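Below: the structure, in structure tokens.
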Amino acid sequence: LFRSRWCYEGTSLLCIYGFFSTVKPLEPFLIPFLTGPDKNLTIEQVTNQIFPMWTYSYLAVLVPVFLLTDWLRYKPVVVFQCLVLFSATAMLLWCNGVPEMQAMQFTYGVVTSCDIAYFTYLYSVVELKHYQKATSYCRTAQLLGYTVGSVLGQILVSFELMSYNYIIVFTLVLTAIALITSILLPMPKTSMFFHQMRSASGETDGEGHVGTEEELQNNGQKDGVELDGSKQLDFLQCFSSRTLLIWSAWWALATCGYNQTVNYVQSLWEYVEPSSNFTVYNGGVEALSNLFGEVIKSISLSITALFFLKSVLNSICTSMPLFHRFQIAAGLNMEHYAPVFGANTFCALVLQTIITSVVVDSSGLGVDIVTQFTVYGANFSIIALIFFLRGLYTTINF
């Protein structure tokens, strides 16, 4: 009963944190704010010098944060993320000039890299059978936060209820609520890697208890989790699956293009309809994008799953060894989801960094925003063509 109540409280607090940490009314209006009289930056400075810092920061700190998240058992990283988010928002309010805004974007990249702690914390405090339900609650809280923030920002800007500076102050208050909530989160007693390995090797759990040989063996095998060597072997076998590698390639390429589009779409809007000459509806567009984006994403994942299953069924007919590897991939427990998606995210960020440094950054080509989106469009077209042809080939040869 205590365990259930503790998990319920942890999930509830995490949902509250997810909501308040994602309500950002100014985010849809970042370009008008930075290029307006408050900061007086040019669109070229923002697009080609300031925004690229987010990508570089995200890539630079992703791996250290990934390792520290598990070692520190998640909660400290969640609290740290909120502190850094508060700092980045404060820098946006009080700092001026290109170097200061570059530092702000670098700081926000650290915030993004800490996102992994949000769901890994959740999986450390709920039972396996509740993963799907708990994930839907926390993801819904985040989506609701993004949507409420966008709608609220649109209302405040359209009706001139607050200036941009006061909207940032309001955001700081919301972030402070998220920070208090993160501090109240229960501290997990175990983690997926470091502390499990420590228990498996016979060390204490921090409360003076050392498991018996039978307990350690049972813990090591629970939910398909094996000890160190078997974990590593299982993980390598998962990536030896051709189907999983193809899916990972699709995911990395699509994520790279999506991140670039989201990161620079406001620059495109500013080019099409300058905020100094037109009434901007960025908040409304962002809200609709959040809502419909989730629907489209669900449809896309469903279609991908069908192609994935179709490919696997075809492989079953032709290669039993591949079927064996798929069974390993299908049976991945949650501790393998993190490294698989972590590796895919890292690959996506490497690709994104290459595109940013060559195409976007002023030290590279520094092309205009229209040319940038031509490149992004070409990226998505190539991805669609390659995987359409593969799906067609798989269907014909089934």
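Heads up, the Cβ atoms here are built off N, Cα and C, so glycines get one too.
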The annotated transmembrane segment range in TrEMBL, which must be one of 137-157, 242-262, 305-325: 137-157
Contact between the transmembrane segment (12-31) and the transmembrane segment (337-355) (3 or more Cβ pairs under 8 Å, separation 6+): no
Interface-richest range of 51-69, 106-125, 137-157, 337-355 toward the transmembrane segment (76-94), CB pairs under 8 Å: 106-125
The transmembrane segment (137-157) versus listed stretches 51-69, 106-125, 337-355, 375-393: most Cβ pairs under 8 Å: 106-125
Sequence-remote partners of the transmembrane segment (51-69) [C-beta within less than 8 Å, at least six residues beyond its ends]: 77, 102-103, 105-110, 112-114, 116-117, 120, 259, 263-264, 267, 338, 342, 345-346, 349-350, 352-353, 356-357, 360-361
